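**Q** Following this message is one structure expressed as structure tokens.
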Amino acid sequence: MDIQRRNDVARSTWRGGREPPSPEQGPLQPVLKVARGFGPLSNLFLSLWPRWKNWWVRGILTLAMITFFFIIIYLGPMVLMMIVMCVQIKCFHEIITIGYNVYHSYDLPWFRTLSWYFLLCVNYFFYGETVTDYFFTLVQREEPLRILSKYHRFISFALYLTGFCMFVLSLVKKHYRLQFYMFGWTHVTLLIVVTQSHLIIHNLFEGMIWFIVPISCVICNDIMAYMFGFFFGRTPLIKLSPKKTWEGFIGGFFATVLFGLLLSYVMSGYRCFTCPVEFNNDTNSFTVDCEPSELFQLQEYKIPAVLQSVLGWKTVRMYPFQIHSIALSTFASLIGPFGGFFASGFKRAFKIKDFANTIPGHGGIMDRFDCQYLMATFVNVYIASFIRGPNPSKLIQQFLTLRPDQQLHIFNTLKAHLVDKGMLGGLEDA
């Protein structure tokens, strides 16, 4: 009777007296079916208020996704790249399907075929550039790959031009405006999804730590903002997402910064995370073994005088990467959520709740990666601006592709420069 009375009260107060959704409907249905198989526990689960049901469903599936994330990290960089590619394809499918349904593009000729063809063209361009950049020796060793690498951009442009001509030929008088809507929709989707996933791959090649820490910070912020908002949330944050609160936003920020410091401290001690992902031509496999850079070596830092009296310490030993992790976690907490707000505005514009129903309680894959793509762009820009310097190995690769007379000219120019600086004489004496 107490359970029944509590459910009646919950129903009468749910969202201003409106009837809450039935447990048999929506994304909770698959989980509820499983819950019924646990006897007395199923009755307890089904008697929970809808708000708590959603909390448990999201919690269980979040733990499952985190477990899967750890598994693919264990399997190595090649598997991570394949997962990024699969996520990209699924996100593209979800967004294109929304356009297909919203604009009722059922009679447009070649619409879906052209959308997937453009996805193929853009992936060929981006991943071809990556292969040429990171697998240079392998590409130069194989004649077909060398030809494809040499004319890669021309081939990519020819493929895109073919799709462009196909689109023009497919124009139908009664569908002109709609067809151009969908042409723009496809290209914006490619810009958002494919470009960002390509940047994720580049971040991964810099070292798995540049891939794992940013993604983990976004996940941590999403979870902790939800937890703080669920238990302490009172003040609405933004109209686009009515469930977001200032309490969750602020609590998620501090929790994410602390999490980023701890995670980066643990990972900085392992070469498999800190070393760049390189291709070994002798074994034809990826390697992540190197001498750690100064970024991943413990150093002593002096604590500001204002904090010395509070902490009782004068110095602290930490990895330089932990300082960079503060910037990453801060972006994940303060700017990263705007990727989610953007996605919320997009869904409200087209009056849909989620991008898809792939994950019960979480929506589609794009619902989970809306902030990740924005984070990937920031990490790539951050590495290029503050971390990455000139790469001698890549310069040598380019040098070896030149004609012998060009190589000799560069050699003489470099020799003259070193002699003028007095460096070459010192090396000869040594």
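Even glycines carry a Cβ here, placed using N, Cα and C.
TrEMBL feature annotations, pasted as is:
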{"type": "REGION", "residues": "1-28", "note": "region 'Disordered'"}
{"type": "TRANSMEM", "residues": "55-75", "note": "transmembrane segment"}
{"type": "TRANSMEM", "residues": "81-103", "note": "transmembrane segment"}
{"type": "TRANSMEM", "residues": "110-127", "note": "transmembrane segment"}
{"type": "TRANSMEM", "residues": "154-172", "note": "transmembrane segment"}
{"type": "TRANSMEM", "residues": "179-201", "note": "transmembrane segment"}
{"type": "TRANSMEM", "residues": "207-233", "note": "transmembrane segment"}
{"type": "TRANSMEM", "residues": "245-267", "note": "transmembrane segment"}
{"type": "TRANSMEM", "residues": "321-343", "note": "transmembrane segment"}
**Q** The transmembrane segment (179-201): which same-chain residues, six or more beyond its ends, come within Cβ distance under 8 Å?
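**A** Same-chain contacts beyond the ends: 81, 84-85, 87-88, 91-92, 95-96, 99, 103, 105, 108, 111, 114-115, 118-119, 122-123, 126-127, 130, 167, 170-172, 211, 372-374, 376-377, 379-380.
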**Q** For the transmembrane segment (55-75), which stretch among 154-172, 207-233, 245-267 has the most Cβ pairs under 8 A?
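**A** It is 207-233 that shares the most Cβ pairs under 8 Å with the transmembrane segment (55-75).
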**Q** Let me spell it out: take the transmembrane segment (245-267), skip the flanking residues so only those 6+ beyond its ends count, and list any with a Cβ under 8 Å from a Cβ in it.
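**A** Same-chain contacts beyond the ends: 209, 212-213, 216-217, 220-222, 224-230, 232-237, 273-274, 318-319, 321-322, 324-326, 328-330, 332-334, 337.
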